[in-house]
Amino acid sequence: MPPMELGKTKNVHIVGIGGAGMSAIAELLLKSGFAVSGSDLASGEVIDKLRELGAVIHQGHQAENVGASDVVVYSSAVRPESNVEILAAQKLGIPVIKRDEMLGELMRHKSGICVSGTHGKTTTTAMVATMLLEAGQSPTVMIGGVSDYLKGSTVVGEGKSMVIEADEYDRAFLKLTPTIAVLNSLESEHMDTYGTMDNLRDCFAEFANKVPFYGRVICCVDWPEIRRIIPRLNRRYTTFGIEEHADVMASEIEPGDGGSTFTVEAFGERYPGVRLNVPGRHNVLNALAAFSVGLEIGLPPERIIAGLARYSGMRRRFQVKYRGADGVLVIDDYAHHPTEVKATVRAARDGWKEHRIVAVFQPHLYSRTAEFAGEFGWALSRADTVYVAGIYPSREKAEDYPGITGELVAEASRTAGAKNVWFTEEHEALLAALQEEAAPETLFLFMGAGDITHLAARFAAWCTEMRSNADATAS
């Protein structure tokens, strides 16, 4: 593949470079030969990796950071009217664009495979990427998460395909140019952007119809809202699902060994013995989306099946942080919507039937907690024990949401029938409580999009230390 070009642009400055989507685009630009600088309020592993790749990153926002940039890129999380770097760039006449516009430009000379949906985007995008790489297709890839298989969030390939996670937040995906558009799931989310479900549905329909006449839309018919969009499509489409009749379906699903084995039925053909090494029925559904993409681009079914078998998961997507000989498991997952929490708890319950499930959930955003407290409580109630942490505010402020705390979720879980439910605002107290819970055949399931991941890492480290001490004593 020739180097990506953006006219005479060579120096790109990224405001908020440490965010999942922004760090991925920074990584892609660096690997494509651009000089990248950036700024972020936080530091950490992602920032360290970008520096290793050659990025110049400043902690905090300062006007002088924009320097000799040819363009300044920012995300939906940044307020352009008050950010000093954006204001400085505008004063200097430097173009200022949003992340999705930059991504759309990078896609211009590629055949885009864009995976959208309120759930499963990251996993499905990574499955498609793994499948294409295993088939020797050499795609360019950009995912809003970290894959050990990809050794990061991006791949710059020589092939014609570009596999992209298409984010619906702030209507970002409407800047993309898909040749294949995957509608993986759809339900109420990001109402701060859309206001109504009708608006969200309209936006997904607009995204799907951006596919050219020679492209295809891949639709999950297990989601009622996607079934409502299908009659509005003016492009060819393939359907997939488990619960509903579809062009591509899964049957004979057998969970076990941390994953699932199942049969794919596609356009009248049967493909038994498909193996997926990540747990959960929701991941079987994600695999069907990838299978449908593979068929559309002409991959032999055996190559598709081999690629799916090689998929090993994403960081923070049912990621095993600790596995003890006594059956103790520590899992870290990004689930932060009731549907995701329900699917993740079910995956734990189905995959480890003999284990006691201890769910540790950190609500993300006051607005989301206020809207979905009841649904979160019900989703968590299938666990044997539930711990709810304090809300991770992200871009929101507590004073704007009086009375909204994690206790709402805890109380909803009790109402849904959970017997052992605790709300603990402070992480130190929560860590101490979890240490008391540690016992053989216990699965600790940490869920949330905030800093609960750090608590999962600390608890996993404590489990490792306890095991080492026990081994030393025994010897």
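Note: Cβ is positioned from N, Cα and C throughout, glycine not excepted.
On a predicted model such as this, the values are computed, not experimentally measured, just so you know.
Here's what Swiss-Prot has on this protein:
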BINDING   Gly117, Thr118, His119, Gly120, Lys121, Thr122, Thr123  ATP binding site
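Positions of the features from Swiss-Prot, shown on the structure.
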{"residue": "Gly117", "record": "ATP binding site", "Cβ contacts under 8 Å, 6 or more apart": "Thr124, Glu168, Val182, Leu183, Asn184, Ser185, Leu186, Cys220"}
{"residue": "Thr118", "record": "ATP binding site", "Cβ contacts under 8 Å, 6 or more apart": "Glu168, Ser185, Leu186, Glu187, Ser188, Glu189, His337, Thr339"}
{"residue": "His119", "record": "ATP binding site", "Cβ contacts under 8 Å, 6 or more apart": "Asn184, Ser185, Glu187, His282, His337, Thr339, Glu340, Ala343"}
{"residue": "Gly120", "record": "ATP binding site", "Cβ contacts under 8 Å, 6 or more apart": "Asn184, Ser185, His282, Leu285, Asn286, Ala289"}
{"residue": "Lys121", "record": "ATP binding site", "Cβ contacts under 8 Å, 6 or more apart": "Val115, Gly144, Glu165, Ala166, Asp167, Asn184"}
{"residue": "Thr122", "record": "ATP binding site", "Cβ contacts under 8 Å, 6 or more apart": "Ile143, Gly144, Gly145, Glu165, Met314, Arg317, Tyr334"}
{"residue": "Thr123", "record": "ATP binding site", "Cβ contacts under 8 Å, 6 or more apart": "Val278, Asn283, Asn286, Gly313, Met314, Arg317"}
Residues other than Gly117, Thr118, His119, Gly120, Lys121, Thr122, Thr123 within 8 Å, Cβ to Cβ centroid, of the ATP site? Val115, Thr124, Asn184, Ser185, Asn286
